């Protein structure tokens, strides 16, 4: 296969990043946007490490699994990958991807508990970051990036994976911006005022938080927009409207200064009967109902922990540790980001938990300073997986159980193999669909000392 060549392939499988995979001349060809069962003409591009990738030029034969997407933005918006597959087929693809990666790493003789459906298939997201910009025709837009494009924005005012209140906030804000003739930020010239609209909702608690992110290139009072929000017929309770100043050139929401225009700068969510304070910038799982399924699985895998010490590694804002603390003797959480540790301590206090301790620092370093020995270690690392030094230290503690929570099937399978090589056995694996209509899947694995 030469770069630029157009070849015809049948998509025979899906990979863990949502690419379709076909075979040409006996070699795999990754196809962005390809669907299992399709026959497509593909223009070859060279991918990383010599692996071939390609883009679809023409769909010659539709997939038998393909359905009409219920979302008018699908195909143009970069938010979803599987809107044109039935939900049952989405689940099957994710399950097959997980099992194939585990098989590749030689993980066997374990109980696979299948993939659990998301409790909500539509309207499940509790946070969205909308971008102010222009569409491919140069018209002003507020929404998500166009698929594969850095500068173009798609006006996603009919998105079906978000709550209706998000769409209402988006429309109100967009129309207000047009009426006031406020300049939208241009990422090419770094000029303009309005950058992002961030909306968060406590799905279980019904609280709504709206954050308008701008540069400092203009001075504008949003009093009338706040009144529009307050008088809007939201199904949620509006608890706060914020104004964040962000002059950074990076394409990310960075808080350089924060003003509370109305109410408070946080909302309260409830999971498994526990309360969590979520600020405008806190990390929190974006599917609250799905998060409960993950944490319930961690509890189930841990078993009776009434006399156990649990280490919660890469603990973030401490959600897993806080969920385990009411049942355990003691929980020790470690997280690199100091702001996240502050939130973890705050949430532990909010729930009256005195047996949960959270430490700021690098996991691989802090593990060597802790004198206590864990009975159970829970790891929920970043997508790259567990740091090799930290993995060695975890094994040296000789915990009776290791519970591995992951958002990346590839690093999950790789790290399970490393734990197996160091004397642990994989007992159970469960997949949980946190993000319907995307390729993402969450995993929980149970390992026990051999």
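A Cβ is built for glycine as well, from the same backbone N, Cα and C atoms used for every other residue.
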Binding-site annotation, Swiss-Prot, [4Fe-4S] cluster: partner of 71, 77, 80 in 159, 255: 159
Where the record names 285, 314, 335, 380 as binding S-adenosyl-L-methionine, the maximum Cα to Cα distance in Å: 16
Residue 77 ([4Fe-4S] cluster binding site): secondary structure state under DSSP, collapsed to three categories: strand
Across the domain 'TRAM' (1-58), average pLDDT on the 0 to 100 scale: 89
From recorded positions 314, 335, 407, the one whose Cα lies nearest residue 71 ([4Fe-4S] cluster binding site): 407
Residue among binding-site residues 285, 314, 380 with Cα closest to the Cα of residue 77 ([4Fe-4S] cluster binding site): 285
Three-state secondary structure, residue 285 (S-adenosyl-L-methionine binding site) (per DSSP): coil
Rounded Cα-Cα span from residue 314 (S-adenosyl-L-methionine binding site) to residue 407 (active site, nucleophile), Å: 13
